[in-house]
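Working notes, structure below.
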Amino acid sequence: MNWRFVELLYFLFVWGRISVQPSHQEPAATDQHVSKEFDWLISDRGPFHHSRSYLSFVERHRQGFTTRYKIYREFARWKVRNTAIERRDLVRHPVPLMPEFQRSIRLLGRRPTTQQFIDTVIKKYGTHLLISATLGGEEALTMYMDKSRLDRKSGNATQSVEALHQLASSYFVDRDGTMRRLHEIQISTGAIKVTETRTGPLGCNSYDNLDSVSSVLLQSTESKLHLQGLQIIFPQYLQEKFVQSALSYIMCNGEGEYVCQNSQCRCQCAEEFPQCNCPITDIQIMEYTLASMAKSWAEAYKDLENSDEFKSFMKRLPSNHFLTIGSIHQHWGNDWDLQNRYKLLQSAMEAQRQKIQRTARKLFGLSVRCRHNPNHQLPRERTIQQWLARVQSLLYCNENGFWGTFLESQRSCVCHGSTTLCQRPIPCIIGGNNSCAMCSLANISLCGSCNKGYKLYRGRCEPQNVDSERSEQFISFETDLDFQDLELKYLLQKMDSRLYVHTTFISNEIRLDTFFDPRWRKRLSLTLKSNKNRMDFIHMVIGMSMRICQMRNSSLDPMFFVYINPFSGSHSEGWNMPFGEFGYPRWEKIRLQNSQCYNWTLLLGNRWKTFFETVHIYLRSRTRLPTLLRNETGQGPVDLSDPSKRQFYIKISDVQVFGYSLRFNADLLRSAVQQVNQSYTQGGQFYSSSSVMLLLLDIRDRINRLAPPVAPGKPQLDLFSCMLKHRLKLTNSEIIRVNHALDLYNTEILKQSDQMTAKLC
């Protein structure tokens, strides 16, 4: 063979690819496309990122194959040297360049641009030339292994890997048999990927593919390639520009110029490539990785909830009484198995948090010169207080396949998914004073027995001196219409006449069963006028109903604001119904069949029933319209013939309050209040009217218990004072004296704490 020809053939070889493959990577590596030892390769720039070896490595690693095993042998090895470049005197003995290459250099001129260098020289001939290398052929078998899958299939990943190594070692002895068995393992387990590589002349008598340089160059630790920059064969005035152009091509992918300033290097992007500094692909991969980490963060909490330690802890919690956050915390701290499991979770969360922070820092570092602003929020760690609240929610808000969040301040659940079926029966509270001594076996929500000094009355504990039967002589709190919530809902759907409360409709702005324009605020009231007509009754509201009809293709959706006056009085002495807040119900809208009318129903039930004398309903529309389309007056007959306006009109054909009346003995109650007032003015002679004090305390407690819900931490409304003012006609000073006397008796004689209330009337 003509060795001179071989030297001339390869002395201008340009090595345009750099292939790096790890022989082994720890199986504990993450799912990112590169591990920590390859962080310097994260930027998507230059030919390396698109080389075949790197792409194969990335693809296999994404599929979970974290270990590579390669067995190979080489044939027909020749050492070659570029003797032309080894000459030191290139002026007297110039390098014999190819005519096409010389023509390309002449086309550059004396001041070529970066793009000219890239298009004319670098893309055709590369950036380096070969100094010395080894020629020959290679036959290799490469296996990519996923040790986690091998472990699941065989039970011992180490033994499986050793067995695969022994099988692969017989490749050169029995190639066909080895490949057949490896392919069977690959198909049955999916834990390995097998690749064969055969390049170069595989025998001393075969030189058919010597013209393909890449097929006969050997790349191994023994057969190293020696390269040198192509600038050494350029004229001196082109050498610096070539280096800049080569760096721009490799680091900026030919989309800008590589510039270094103040120890920082970046790509100065061309106009047609404004995002050349931004590795979009890597950023997207990192964002996907962070999303996966956040998902695994949430799954770690679910794993703890599904663990045997947590389930056994939930089973050991007592279910015969209500558990506060404090009592759950005591049980939590006493469960050593759960504590050990919780510590493992905390350590895993800390490692995961650091991993997320490192990835996020890399993400933001890569996005410094991007127009793309990454949006990432570090997942919040669940505190011990949140875990205790979670346990409480699992205890009391996990029923009928629904779940929700428990609010201890209100002893109720906020169900998720717009349903109210998640709440289980809330057990009674066991404690001292008027708390239960034991919950009822028939109904765990009620008391079964009371502490010393208290007696059981209708499922609750009251002081023994209180005669609840006697308070019925003043106000008949217990009636035949105290149905369960399911019964009430059924009766409301049937419009049962027993629940009708006959009220008077009052409105200066709308008329029933008449179309009107709701785009301005409309007001209507339903009142009982009990002070004039029904002085011997007070009234309870348990629901409301309205029938609203709309024009066809109407875009309006009415919105209601409802104020309740419990015992008459002005509008300022009413309270607003907090629909959908603090567990309060919402309006239910049902369309009537073959009609443009809807039934709007509000079911308060036994939980939210309350006193009422007057109901004020303010009606608004959710649709905002131009001023020209508005009815400025909002009164008078409407023009239904105008097609531009009639689609906004609605009418209320029926409005009804559901509830019942309680018998109220105003004279008897007034005499009891006067006794308390006199005892207070005489210097606190409580003992002379002890039974009256206990009686009024019981009445006040039962009335204020029907107050509307308030935000956590805020006092309830004082409905008892409203009753004294409007039904008994007491003055403000008399009301203050009565309440003060009752508070003193409750704290000094009964040694009980007073519940703070807010003034309403």
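Yeah, the Cβs are placed from backbone N, Cα and C, and that goes for glycine too.
If you look up Swiss-Prot, you'll see 68-251 marked as domain 'MACPF'. Among the features that Swiss-Prot reports, N-linked glycosylation site is placed at Asn156, Asn433, Asn443, Asn553, Asn599, Asn631, Asn677. The annotation signal peptide is assigned in Swiss-Prot to 1-16.
Structural mapping of features recorded in Swiss-Prot.
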residue	record	CB count, 10 Å
Asn433	N-linked glycosylation site	14
Asn443	N-linked glycosylation site	13
Asn599	N-linked glycosylation site	16
Asn677	N-linked glycosylation site	17
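If you average pLDDT over the domain 'MACPF' (68-251) in this model, you get 77.
Taking the Cα atom of each, Asn599 (N-linked glycosylation site) and Asn433 (N-linked glycosylation site) are about 47 angstrom apart. The two recorded residues Asn433 (N-linked glycosylation site) and Asn443 (N-linked glycosylation site) have their Cα atoms spaced 21 Å from each other. In the three-state DSSP reading, Asn433 (N-linked glycosylation site) counts as coil. Mapped onto three states, the DSSP output places Asn599 (N-linked glycosylation site) in strand. In the three-state DSSP scheme, Asn443 (N-linked glycosylation site) is classed as coil.
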